[in-house]
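Taken from Swiss-Prot as is:
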type	residues	note
TOPO_DOM	1-9	topological domain 'Cytoplasmic'
TRANSMEM	10-30	transmembrane segment
TOPO_DOM	31-574	topological domain 'Lumenal'
DISULFID	Cys204-Cys266	disulfide bond
DOMAIN	206-492	domain 'GT23'
DISULFID	Cys212-Cys230	disulfide bond
DISULFID	Cys218-Cys222	disulfide bond
MOD_RES	Ser278	phosphoserine
MOTIF	299-305	motif 'SH3-binding'
DISULFID	Cys464-Cys471	disulfide bond
DOMAIN	501-562	domain 'SH3'
Amino acid sequence: MRPWTGSWRWIMLILFAWGTLLFYIGGHLVRDNDRPDHSSRELSKILAKLERLKQQNEDLRRMAESLRIPEGPIDQGPAIGRVRVLEEQLVKAKEQIENYKKQTRNGLGKDHEILRRRIENGAKELWFFLQSELKKLKNLEGNELQRHADEFLLDLGHHERSIMTDLYYLSQTDGAGDWREKEAKDLTELVQRRITYLQNPKDCSKAKKLVCNINKGCGYGCQLHHVVYCFMIAYGTQRTLILESQNWRYATGGWETVFRPVSETCTDRSGISTGHWSGEVKDKNVQVVELPIVDSLHPRPPYLPLAVPEDLADRLVRVHGDPAVWWVSQFVKYLIRPQPWLEKEIEEATRKLGFKHPVIGVHVRRTDKVGTEAAFHPIEEYMVHVEEHFQLLARRMQVDKKRVYLATDDPSLLKEAKTKYPNYFISDNSISWSAGLHNRYTENSLRGVILDIHFLSQADFLVCTFSSQVCRVAYEIMQTLHPDASANFHSLDDIYYFGGQNAHNQIAIYAHQPRTADEIPMEPGDIIGVAGNHWDGYSKGVNRKLGRTGLYPSYKVREKIETVKYPTYPEAEK
């Protein structure tokens, strides 16, 4: 008897199991024909599952083909290993069949439905409360009005935190939290493999290259974003990024003295032809392309933020609240891999500061920004949001101490903050001194800003001004540390943006009729170019259909996710 008989039984059993699963899903679709509304809601999910299962079935088919061995002597070692893999696949197939049956038979879990109803009830009760309290305020005057208004805001905060806490638990129930962790990890590893493949060509002399010079005339956060922009264009045009950083204003030895090289195999910009950027199509036959700063970029390729890869978009929308930020964060993650000495510095600073959770990061940018790019904000304005978030955290964890990491370029601010809010702040004032204008472009200053950004990104929540590049970099890094940290911030001024980005658009989901001359009308489906959120329930933007600029209720729109056909680098998976 041939030794492959048992193996082929396994193979046939596996293929039968997959066929059964595909038949079951198809039958589910047929049975749902008498409920067309339900079917339409579930169709996209089921088709996605079906596509994944088809792919897995194809993988199994290939494995089966690889076991077709001709007559004659047989080396059973590798084959036995393949059979074991197939056995594992069979177990997984059975598990997926059972899980899918449970899902379609029982619907959502009990905890999910309990929380959903609690949130629904909380929203209704909030509305009842608002109506009642506002009616009372109409009949009050003077001190009585002030007292009642203060109590009203206090109670309103309790309502809001209750609903937000329930929403958090809803996001974790029925295995959703575990799924989100795994999906975010899988997506990150996929993108990092693709970047690593692009950056390490087998033959550097033949590789297409994109040259980026780090010495843009601005600070560290701005320069890092400049390199990220270069990297995204390189990734989109399938060119290895060559980062020129000698005589960097922060470290004359270059980027590699602080962070790991962007390539292990290709750092030489030489090639048979070189030219300045003139567009992806025109540069097709140019081996080495030099990229200008984004302000001078023409023509503009589609790969600029806030676009995300078409092949990842559906998965990103499910797992993350701001896919565009997540996509930017992947390039930041690759770029700022620290050299061993920097890793040691970070570990020592963490120990010295006593940095541990829960902790909220506060970044206050003063000096050259105030009066030009940003308004002055007193420390009290930041601390309002710090207190609010600690109260929210206390709903779901033990807050043994309210810790705040303060990062600022104003050395006098830490003393002021500690006087007004004793026992809150864990910070290093020497970093503030190094961030001052007279010390800004030194290696010590670079160490300081890197440490500040690191600790801000590690915080549970971030309070800052998004007009600051440092704050936005910290927020980007934060996205790489959690499945979805898109809501873990409060900006006192701008919404998130990437310098040089393409238009940021939203889509109206509800109609709006202006009540004042400052507002704009909207109809469902209108495209709104957003200029900013006023953090008072209203945003400002332009209705692109009407050409009118003004205010509109923020809840009446949703984000328009822009997708681009980026390369998928299948070679990275081999």
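Heads up, the Cβ atoms here are built off N, Cα and C, so glycines get one too.
Where Swiss-Prot records a feature, it is marked here on the structure.
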residue	record	contacts (Cβ under 8 Å, 6+ apart)
Cys204	disulfide bond	Thr240, Thr265, Cys266, Thr267, Asp268
Cys212	disulfide bond	His226, Val227, Cys230, Phe231, Ala234, Leu241, Ile242, Leu243, Glu244, Leu291
Cys218	disulfide bond	His226, Gln469
Cys222	disulfide bond	Lys216, Gln469, Gly499
Ser278	phosphoserine	Pro299
Cys464	disulfide bond	Gly361, Val362, His363, Val364, Arg365, Tyr382, Leu456, Cys471, Ala474, Tyr475, Phe489, Ser491, Leu492
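The disulfide-bonded residues in question are Cys230, Cys266, Cys471, and the one with the fewest Cβ neighbours inside 10 Å is Cys266. Averaged over the domain 'GT23' (206-492), the predicted model reaches a pLDDT of 93.
In the motif 'SH3-binding' (299-305), the DSSP tally of helix, strand and coil residues is 0 helix, 0 strand, 7 coil.
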